[in-house]
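Participant: Take a look at the following structure, please.
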Amino acid sequence: MRFACIVFPGSNCDVDMYHAIRDELGEEVEYVWHTETNLDSYDGILLPGGFSYGDYLRCGAIARFSNVMEAVKKAAQEGKPVLGVCNGFQVLLEAGLLPGAMRRNTNLKFICRPVTLIVENNETMFTTGYDPKQEITIPVAHGEGNYYCDEETLKKLEANKQIVFKYKNNPNGSIIDIAGITNEQGNVLGMMPHPERAVDELLGSKDGLLLFKSILRNWREAHVLTS
Amino acid sequence: MYKVKVYITLRESVLDPQGSAVQSSLHALTYNEVQEVRIGKYMELTLAKNEKDVELRVKEMCEKLLANTVIEDYRYEIEEVVPS
């Protein structure tokens, strides 16, 4: 499986993402600069964390107009897995690939520590490796991770099982403890916690690796075993 | 030339953690009459004179980039400036 790790000016978790895929998952991955316009040769798209365009104006607001985002939208429409972590999640929200918006953390602090997540939906292409309601440890590192959406959107998210991860102890004030959501089709996942920083016991947890393994296994089942 | 003042505020329904923190701080300073603080953004844009559609274009800028309409409201004032 061939992954694109999109790099915006200001991305700083791109190396972690690259490491997770190449060294821990053992798959192909390439850094793709934000000016690129074609992602057709990749099977999966990764939007890493960081501070794209310095988070000027709002997190992710400027990155969404990068050339590469049109190609990301196309990949999403084609059903390819698209994973946005932290700032990558914020970019997906600003780009309208996922519903809702991010606010400052309720306590106004930048939070950087491992948190416990509950796997709310283990039937997505990102989470089949987890058990239902499994509790996993994944680090967060953000100042604006307080997810918000209106009542109507929230009802849709719940009805379509788009809420994939919830915080066990909500660190940032997110509405109904949401830590990660997918689009309606289920192939675009945005999450504030960093699975790429939890891929080896040395890092304190390898619970994040199962997410990448799930993507790989589901992709293989769809593309390799059937062809 | 036009001078455009853009005001971006969080929607009324959206909790404003910065505003709440400042409000508590004002109360700590005994300004107890303060019932609510909302914090927003103020931007000044200087536009080259562009015949018509100024208002339409400013509205577009707000909708596309300057405000996130999921959580923010915006308003603007457009002022024609004669360079001296």
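Each Cβ is built from the backbone N, Cα and C atoms, and glycine gets one as well.
Keep in mind that TrEMBL annotations are predicted by a computer and have not been checked by a curator.
The active site, nucleophile annotation in TrEMBL covers A:CYS86. Under the heading active site, TrEMBL lists A:HIS194, A:GLU196.
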Participant: Taking the Cα atoms as reference points, how far is A:CYS86 (active site, nucleophile) from A:GLU196 (active site) in Å?
Facilitator: 11
Participant: Might you list, by sequence position, any residue in that chain lying six or more from A:GLU196 (active site) with a Cβ less than 8 Å away from its Cβ?
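Facilitator: Once residues fewer than 6 apart are set aside, A:GLU196 (active site) is near A:CYS13, A:ASP16, A:MET17, A:HIS19, A:ALA20, A:PRO48, A:VAL85, A:GLY208, A:PHE212.
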Participant: Below 8 Å Cβ to Cβ and six or more residues apart, same chain only. Which residues does that give for A:HIS194 (active site)?
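Facilitator: Listed in sequence order, they are A:CYS13, A:ASP16, A:GLY49, A:VAL85, A:CYS86, A:ILE138, A:PRO139, A:VAL140, A:ALA141, A:GLY208.
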Participant: DSSP on A:GLU196 (active site), three-state: which is it?
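Facilitator: Helix, per DSSP.
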Participant: When a 10 Å sphere is centred on the Cβ of A:CYS86 (active site, nucleophile), how many other Cβ atoms does it contain?
Facilitator: 28
Participant: Per DSSP, to which secondary structure element type does the residue listed as 'active site, nucleophile' belong, with helix, strand and coil as the options?
Facilitator: coil
